[in-house]
Amino acid sequence: MNMNSLSVSRVLADLAGKDFISCSDFTSDQVKALLQLSSQLKNGDRRIDLGNRVLGLIFSKASTRTRVSFQVAMARLGGQTIDLSNQATQLARGEPLKDTARVLSRYCDALALRTFGNDELIEYAKWSSIPVINALTDLEHPCQALADFLTIKEAFGSLDGITLAYIGDGNNVLNSLMICGTLLGVNIQIASPKGFEPLPSIVERAKTLAHPTLKICVSNNPIDAVSGAHVIYTDVWASMGQESEQAQRKEIFEGYTVNKDLVDKAEKESIILHCLPAHRGEEITDDVLESSASRIFDQAENRLHVQQALLAALLGGL
């Protein structure tokens, strides 16, 4: 579905002032309109001015792509960002979160949180009177998913009939891929080692959002997962906060590396995605990451464009 600027604005009008905790907060049409707006902004077909509005960044985890893309997105939209990490505020000295959230709502126009616990994000959303954006928690990474599906749409021209294979840990990135993918009509085929599959509750939640003809398949076999896949997606085997498990996970995930042999078993014109940072030689080989099938750096760039679109919608800039 391609919409003109007026149609996009109409579909996204109801998002002004809302939180973005998960892609399931939006309708299928709203997610599609966000991707369309992202393309318009990327191609220079749309100009938006947020008029010096301020985005507060509360990041408890290290970040390159998420932090910088939000900073650049606000700058390009005529706004600005400020760093509000917990250690830089009175939260570090015990001020209740609900007090901090209400005060920040008087100074900022939106907050983007990157935190270990999803509960903290929900608490900010509860007490803030401005939009709260999920910039990554242990449960979901919805901004990443938006960028992923924009990249897939660019590669194939449409998301209709697309099958995405995810190889690796059933983590927060996969959770958002399932939820966003089902809203967009994408089939998801997953291969994870036993004990590292995605949360059944998230799988069921995604299935409730899906059209009856869509499928979400979970297995322990990477070859089964890539069969018929147009997209092969992987991520690190040990996420932030799991560094102590890295050696153990490296043994468990042996056989789940995205290498040329595995890629050759997917559709002929399949593409490769990874949200980065990558551990080359572990979840993905260097030759695959650098191959002509890789859209990994397009994917990283698209974080900027989808977050511009998201900020414009939530801050009422349309």
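Cβ coordinates are placed from backbone N, Cα and C, and glycine is handled just like the others.
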Point to revise | Listed co-binder of carbamoyl phosphate (same site as Ser63, Thr64, Arg65, Thr66, Gln90, His141, Pro142, Cys143, Gln144, Cys275, Leu276, Arg303, source Swiss-Prot) among Arg46, Arg47, Arg106, Arg114 | key: Arg114
Exercise for review: For His141 (carbamoyl phosphate binding site), just give me the three-state DSSP call.
Suggested key: coil
Study note, to complete from the structure: Quick note, Arg65 (carbamoyl phosphate binding site) and Asn172 (L-ornithine binding site): C-alpha atoms separated, nearest Å, by 16
Revision key, fill the gap. Filtered by Cβ under 8 Å and at least 6 apart in sequence, the residues in the chain of Asp235 (L-ornithine binding site) near it are Gly168, Asp169, Asn171, Val173, Leu174, His274, Cys275, Glu283
Practice item. Check Cys275 (carbamoyl phosphate binding site) against DSSP and tell me helix, strand or coil, would you? Key: coil
Revision key, fill the gap. By a 10 Å Cβ neighbour count, the lowest-scoring of the binding-site residues Gln90, Asn172, Ser239 is Gln90
**Study point:** Cα-Cα distance, maximum over Ser63, Thr64, Arg65, Thr66, Gln90, Arg114, His141, Pro142, Cys143, Gln144, Cys275, Leu276, Arg303, record's carbamoyl phosphate binders, Å
**Key:** 33
